[in-house]
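Colleague: These came from TrEMBL, pasted as-is:
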| type | residues | note |
| --- | --- | --- |
| DOMAIN | 187-205 | domain 'NF-X1-type' |
| DOMAIN | 240-259 | domain 'NF-X1-type' |
| DOMAIN | 293-312 | domain 'NF-X1-type' |
| DOMAIN | 346-365 | domain 'NF-X1-type' |
| DOMAIN | 373-394 | domain 'NF-X1-type' |
| DOMAIN | 398-417 | domain 'NF-X1-type' |
| DOMAIN | 425-444 | domain 'NF-X1-type' |
| DOMAIN | 482-502 | domain 'NF-X1-type' |
| DOMAIN | 591-624 | domain 'NF-X1-type' |
| DOMAIN | 634-652 | domain 'NF-X1-type' |
| REGION | 17-39 | region 'Disordered' |
Amino acid sequence: LSSQKKFDEIKKANQAAAKKLVEDQFSSSSEDDDEDAEVKQGKILAKTFTIYTSQTDGDASELERTRQYMNEAFQSGAMTCLICIASVKRNQAVWSCCGCFCIFHLVCIQKWAKDSLFLVSSPLTDDDFGKKDYPWPCPKCRFEYKRSETPSRYYCYCGKVENPTLDPWLVPHSCGQICEREFKPSCGHKCLLLCHPGPCPPCPKMVTTTCHCKKAKPVPRRCSAKEWSCHLPCGRMLLCRQHTCENSCHAGDCQPCPRVSKQRCICGRQTAERLCASPQWQCDQVCGKPLPCGNHTCEQVCHVGPCGDCPRSGKRSCPCEKSKFTLPCTEDVPTCGDSCDKVLECGIHKCSQRCHRGPCEICRQEVEKQCRCGKHTKRMPCHKPYLCETKCTKIRDCQKHQCRRKCCSGNCPPCDQTCGRTLGCRNHKCPSGCHRGSCNPCPETVDVKCNCGKTVIKVPCGRERTIKPPKCKQLCSRPPTCHHTTQEKHYCHFGRCPPCRQPCQKMLACGHLCPVPCHDEALVKQTGLHQSAGPWEQPSEPAFIQTALPCPPCEVPIPVECLGQHEVSPLPCHSAKPYSCKRFCGRLLDCENHTCMKECHHVTKLNSSADGKKAGLECSQCEEECTKPRPSGCPHRCVLPCHPGDCPSCLQMLKIKCHCKLSILYIECL
């Protein structure tokens, strides 16, 4: 039972690991960078832009920003969650900010919103908590969202479909339907692209509209560029009601009149040249007109209208405002003699002096005062504050440091120390004040460059260690490492250049050029470098070294004649030398009756005029008997070995009888 249980546990773990591996392989951050993927991406973009470009007669110039967002959705590692500094994969739930259109993991933004709301509401008392809907900001653009706008579900970019299905032929996290979001600024039309990341492009609809000044005839224009100028003089009446606007046709209100004219001030005493747009102005002279009382003059600076009554006429109060007197404007109001009784600056006691002019004195009463922290009391003048020397030991809102302020009232100020914790990028430290919760994402961006440095992409700080370098369309400019003066054209890259595939073209000893691919940096396996200590030692991987190999033997075909001059065959240059064709020699021997039966061999010519079919010294010697036909009647063989020409006369002696058979003669056979 225990073995079966262990087997089941290991089986489940392996299945989970295999499932995770498949999901990782099918993510946006692991897209293969091959030509098929680029073709597929191009088809998806074309499908997304089809309806829009049909309205613009194929013009896609306004779609560059949207195209950039969509390319980042496909590009490996380009979509990064700024909260966890990890890649956003196509099979993960995400949330997009409506301000900066940055994409975050749904779980990360939920935790961010929760932490932000907790940090904002933590200094509040229990009575204040929940009375105000405090906002939480986007980690990137700081756009504020209400508590009720905290995302709880995973939606596509256009917000129509919850939990959009994973489709390899759609933009990641897209539902594939028409976007239909309102254009910004609103024009009454809706976006025509398929569900897409980033902002919607300008409205492509055609509308008939006139210029700003309404003088030109209405013309059809794109809705996104329906505001236009005819460049004729505006001609609208300016606020001065004397001149008209001379600027070319423009949007909004006309600028103030730029002309200068002589204008009087409000009181009419002074005249000055001023802008026509600001005719109302005051001089710095006091009015000085006699008031109705006949005793005083107006003290107002340049004003319009009547001066009004004398400010000292009518009923006036004494300094303590307890008694009122009706006196001529030429007399001052006397003090009433009663106590002042105005509340002093301490807010507790009243002034004990008699009615007086001017401010009251400071409070000098002796009171029992409690210090600000409430731990000590002391008798002292009321106007003096009492602060003890006790330092506050309460923990500040950062939950790390003590207040340490003398005689603290309990409402400790925020921590004034710098946080200094290492941010998620692991490159910088948090510059904010000491705080609770997670630090804000690192605001810095890092340039990730290709090897030559001409192609650059900006990524959030911390992602430069894991993101793939950008694809560079520039040609590699490194010098060749082989004997060639130039290398094959290939794009900028990291690491070693690919092996040179150009023909070697080195001069061989035979005078021909080496036609095989360049072999100056061939990989050669090294064997026998390490002897294993025993059968228990695992064999190591064979080591490869890069070395220059010699040129192979020349294979250029050379016509070569065989030794016996029977045939001419093409042979590789490195083995081009006379050879035996394995035929019989066939040269005519000295006997002129037989040919050389040796295998094809070299024949030395005795002189240049010798026949090419004549046997040489190396040919075999004829050892046959003469087999030429004998003259008629001669029964004897030729006494010579095989020879050229006619045979000699036969000299054999024959015994011949005469016709009658009576006599016998001895004569030569001839």
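In case you wondered, yes, glycine gets a Cβ from its N, Cα and C as well.
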Colleague: If we skip the immediate neighbours and take only residues 6+ beyond the ends of the domain 'NF-X1-type' (634-652), which ones have a Cβ under 8 Å from one of its Cβ atoms?
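Modeller: For the domain 'NF-X1-type' (634-652), the sequence-distant neighbours (Cβ-Cβ under 8 Å, at least 6 residues beyond its ends) are 590-594, 622-628, 668-670.
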Colleague: Sort out the residues at least 6 away from either end of the domain 'NF-X1-type' (240-259), same chain, that have Cβ-Cβ distances under 8 Å to it, and list them.
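Modeller: Answer is 211-213, 215-216, 227, 229-234, 275-279.
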Colleague: Restricting to the same chain and to residues at least six past its boundaries, which positions have a Cβ under 8 Å from a Cβ of the domain 'NF-X1-type' (293-312)?
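Modeller: Answer is 265-267, 269, 282-287, 329-330.
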Colleague: For the domain 'NF-X1-type' (187-205), what is the mean per-residue pLDDT, to the nearest integer?
Modeller: 86
